[in-house]
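Visitor: Below: one structure in structure tokens.
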Amino acid sequence: MEPSATPGPQMGVPTEGRERSPEPPDYEDEFLRYLWRDYLYPKQYEWVLIAAYVAVFFVALVGNTLVCLAVWRNHHMRTVTNYFIVNLSLADVLVTAICLPASLLVDITESWLFGHALCKVIPYLQAVSVSVAVLTLSFIALDRWYAICHPLLFKSTARRARGSILGIWAVSLAVMVPQAAVMECSSVLPELANRTRLFSVCDERWADDLYPKIYHSCFFIVTYLAPLGLMAMAYFQIFRKLWGRQIPGTTSALVRNWKRPSVQLEEQGQGLGAEPQPRARAFLAEVKQMRARRKTAKMLMVVLLVFALCYLPISVLNVLKRVFGMFRQASDREAVYACFTFSHWLVYANSAANPIIYNFLSGKFREQFKAAFSCCLPGLGPCVSLKVPSPRSSASHKSLSLQSRCSVSKASEHVLLTSVTTVLP
């Protein structure tokens, strides 16, 4: 039997006094340690980015969850617009919970660490959430445009809104399938592929260079440029209708319309404690409806503007990269990296911005948020129910208050005119 060729003690050969040959250094492990220490470990400004991502993560999850709970627990908030707002919040929760952590790790390590399967799933879900957000905002604008500019052409209902939401998700899931089909995971350093996932990339793989140019040009037009243009025109007409002088929305027009009911009230000689005429009550209800519509339109315009600003950088950078082939041989790599990283963060910041907008521009959502936080944080005040009084009880309280103030016809006219001045912004 031949002696073993492996190093170590052999039978019958003394080992005392013999020195073992040193093992050869593992250059691959040393190289990986160098990459982690000097290249992959977050730098100072990247820690700021991590903190910003963490803040967006918690604000987006908590805020959008509260939006969904507020509408779910309060029947009076289940309007068509709020159904679409809940759908937008669900898309924001999806992209925040699944896509944000992956984007953060990719931006910091510049490596895809999640394998081949998630390389297809996560970008696909991100594209779906973008499509859902754009279509939802478009349906909100369309609903408001019909309700305010052409109320007799189309009547929006909760049932139609729910059907539209199902259609939005079905279309988004189907249209974004090509995004999942072209995503592939590969390693920049194939010799290290079996030892580490560092320097693996998840990127698009197309059969021809022409295909990505066509796809991303269409993606930019369909999911950003065209919808925003149409929504801008719709809200411009809504703005003119709600704030224009030609409609009965200004104080002078309201005063003129009120004169006739007040004169009739005096002629009929109604005494003390008389309620305002039905026409006067309807008139005041119209004024309040105008005020509510203005507030809602203002909030939705701000939501659309913030969405456009947050998605503009990444949309432009993707077109420059995929369509025009820029950034392949970038001389200033750090600047390009900073631009893409900041644009990625802006996309997720939009998900956190929406609940903040609702809080500042919607009194109903603000009340629900305050009630929820008062239950979680005792220092903010006593815990109150997330459900608010029904509109019927609130209306009866207001009716009693108005009745007590309408002692004579002149007094009722003064009260209503004062209400008109304060109701309209």
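From the backbone N, Cα and C atoms, a Cβ is placed for every residue, glycine too.
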Visitor: Among Asn87, Asn194, can you tell me which residue Swiss-Prot lists with the annotation N-linked glycosylation site?
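Guide: The N-linked glycosylation site feature in Swiss-Prot corresponds to Asn194.
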Visitor: In Swiss-Prot, Cys119 is listed as disulfide-bonded to which of the following: Cys68, Cys202, Cys218, Cys310?
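Guide: Within the candidate set Cys68, Cys202, Cys218, Cys310, Swiss-Prot assigns the bond with Cys119 to Cys202.
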Visitor: I'd like to know whether Gln329 shares a side of the membrane with Glu367 - going by the topological domains in Swiss-Prot.
Guide: no
Visitor: Would you confirm whether the transmembrane segment (337-360) and the transmembrane segment (47-67) meet the contact rule of 3 or more C-beta pairs below 8 angstroms, pairs 6 or more apart in sequence?
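Guide: Result for the transmembrane segment (337-360) with the transmembrane segment (47-67) is yes.
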Visitor: Per the 3+ Cβ pairs under 8 Å rule, pairs at least 6 apart in sequence, do the transmembrane segment (214-235) and the transmembrane segment (120-140) touch?
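Guide: Answer yes, regions in contact.
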Visitor: Which whole number is the mean pLDDT over the topological domain 'Cytoplasmic' (361-425)?
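Guide: Mean pLDDT across the topological domain 'Cytoplasmic' (361-425) comes out at 59.
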Visitor: Output, ordered by sequence, the same-chain residues six or more apart from Cys202 (disulfide bond) with a CB under 8 Å from its CB, or 'none'.
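Guide: Correct list: Val106, Trp112, Phe114, Cys119, Pro123, Met183, Glu184, Cys185.
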Visitor: Restricting to the same chain and to residues at least six past its boundaries, which positions have a Cβ under 8 Å from a Cβ of the topological domain 'Extracellular' (106-119)?
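Guide: Sequence-remote neighbours of the topological domain 'Extracellular' (106-119) are 40, 42, 46, 49-50, 183-185, 197-202, 340-341, 344.
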Visitor: Could you break down the residues of the topological domain 'Cytoplasmic' (68-82) into DSSP helix, strand and coil, giving a count for each?
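Guide: Going by DSSP assignments, the topological domain 'Cytoplasmic' (68-82) contains 12 helix, 0 strand, 3 coil.
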